[in-house]
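Novice: Supplied in C-alpha cells, the structure appears directly below.
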C-alpha cells in the first residue's frame, strides 16, 4: 500500500510540470516536480558514480591521517598545557567519535605527549607527517568531488596539491582552536562563584552547535573550492552542505547508539574492534559528504541558468560541467493504485 501511495504521489508531481525549474534562479525557485527529478537522479547516479567506492578510498586515507593529526595537535597544545590537561581536553574533543574508538585515540595522544614532550625535532617531524597525510586524505576528497561534478582531474601541481595542503592545515588549526576553547571553558568554570556549576555536561549543547557549524561551513568550503571547475555561487552550495550536516549528525548519533546497544564488534574483530569502528564511522562520514556534493551537482543540472560566479555566461562556456549541461528528466514506470 505504501509503495502504491509513493508511486501515485510521484505521478501527481509529474503532471503539469511546466519547466521543472529549468529557469530557476536559485534552488528555492525549483518546483516540487523539479526536486522529484533531482532526488531520482541523485539516487541513480550515486550508484553509477560508485559513491561507496569513492567513500571507501577517502576513509582509508583519512584513517591514516587522523591519528597523526590528533597527536600533532596534542603536541602543539602541550606546549602551553600539562600532559594531564592535554589528555583531558582531547578526550572531550574526540567525544564525537563512537565510544569503542575513543580509547584508541586517547592512547595515541598519551604516547605522543609522554614520549616527545618538549622535543622540537619530534614536533617538526610530526607536523610534516601530519601535513603530508592530511594532504593525501584531502586529495582523495578533491578527486572524488571531481568525479561527482563531472570534472577532469587537474594536472597543475599548485592546484593539485595546494588545496589539499590548505585543507590539512585548516583541519589542524580548527582542532587546535577547539582544544583552546575547551580549555578556556574550563578556566571560566573555575572563575564562576560557588553554587553556580559550569561543567562539561552543561556545555555539550554549545559544543555540538560548534561542531554543526564546523561541519556545515567545512563542507560548503569543500563543495565550492575543491572541484576543478569555475566556482558555484553560495546559494547553489548551501542545500548540499545543510543536508550533509543534518545527515552526519543523525548518522553519528544512530551509529553510536547501534554500537552501544546492538553492535558487538569485539566478538568478530577482537582487539581490532576499535580500529574497525573508527574506519566505519569515517566511511559513513565520507559517504554523506559525497552525497551532499551529488545533491548540489544535480541541483545545478536542473536549471539552464548560470550557477557559477561572475558575469552570466552561456552554456558551454562556464567551465563547469554541472553548469554547462542539463540533467535528464527521469522516466519512472508507475501504476496508479487501484
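Just so it is clear, glycine is given a Cβ too, placed from its N, Cα and C backbone atoms.
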Novice: Check each of the ranges 272-293, 294-315, 316-337 against TrEMBL and return the one annotated as transmembrane segment.
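Specialist: From TrEMBL, the annotated transmembrane segment range turns out to be 272-293.
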Novice: Kindly point out the range from 141-164, 237-260 that TrEMBL annotates with transmembrane segment.
Specialist: 237-260
